[in-house]
Amino acid sequence: MDTSHTTKSCVLILLVALLCAERAQGLQCYECYGVPIETSCPAVTCRASDGFCIAQNIELIEDSQRRKLKTRQCLSFCPAGVPIRDPNIRERTSCCSEDLCNAAVPTAGSTWTMAGVLLFSLSSVVLQTLL
């Protein structure tokens, strides 16, 4: 009976250690910036402070031509936004917090302003520069 209790305790401790070790490795997200929509983005391990994977798709309409770009990255926050008022720009951003969850923007994703997108992109660059 004492051996059974010891075995169960060891299994429980091992399970907790494995769960903690997996999270200590950090969230994994896809990462690329302003690339054509069909481009594959590599997977990266985020910093411990980054708890969200961000997926952003932008469609620019210039002279009746459409360009579709995407950004994928790790961030420490999920950016909030305001609807875009420019009819030549369509943008969708989503955030999630599971490994490699930012492969695509969900169809029901939120709409953000270009100003909000630029602000969060700029802030991530500034943070990376400072760190």
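Backbone N, Cα and C define each Cβ position, glycine as well.
The disulfide bond annotation in Swiss-Prot covers Cys29-Cys53, Cys32-Cys41, Cys46-Cys74, Cys78-Cys95, Cys96-Cys101. Annotation comment: Swiss-Prot describes 27-115 as domain 'UPAR/Ly6'. Summarising the annotation, Swiss-Prot assigns GPI-anchor amidated glycine to Gly109. Residues or ranges marked as signal peptide by Swiss-Prot on the basis of sequence analysis: 1-26.
Here the features listed in Swiss-Prot are painted onto the structure.
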residue : record         : CB count, 10 Å
Cys29   : disulfide bond : 28
Cys32   : disulfide bond : 16
Cys41   : disulfide bond : 18
Cys46   : disulfide bond : 20
Cys53   : disulfide bond : 27
Cys74   : disulfide bond : 22
Cys78   : disulfide bond : 16
Cys95   : disulfide bond : 19
Cys96   : disulfide bond : 17
Cys101  : disulfide bond : 18
DSSP-assigned states of the domain 'UPAR/Ly6' (27-115) in counts, ordered helix, strand, coil: 2 helix, 43 strand, 44 coil
10 Å Cα neighbourhood of Cys46 (disulfide bond): matching disulfide-bonded residues from Cys32, Cys95, Cys96, Cys101: none
In sequence order, the disulfide-bonded residues (Cys29, Cys32, Cys41, Cys53, Cys96, Cys101) whose C-alpha falls within 10 A of Cys78 (disulfide bond): Cys53, Cys96
Nearest of the disulfide-bonded residues (Cys29, Cys32, Cys41) to Cys96 (disulfide bond) - Cα to Cα: Cys29
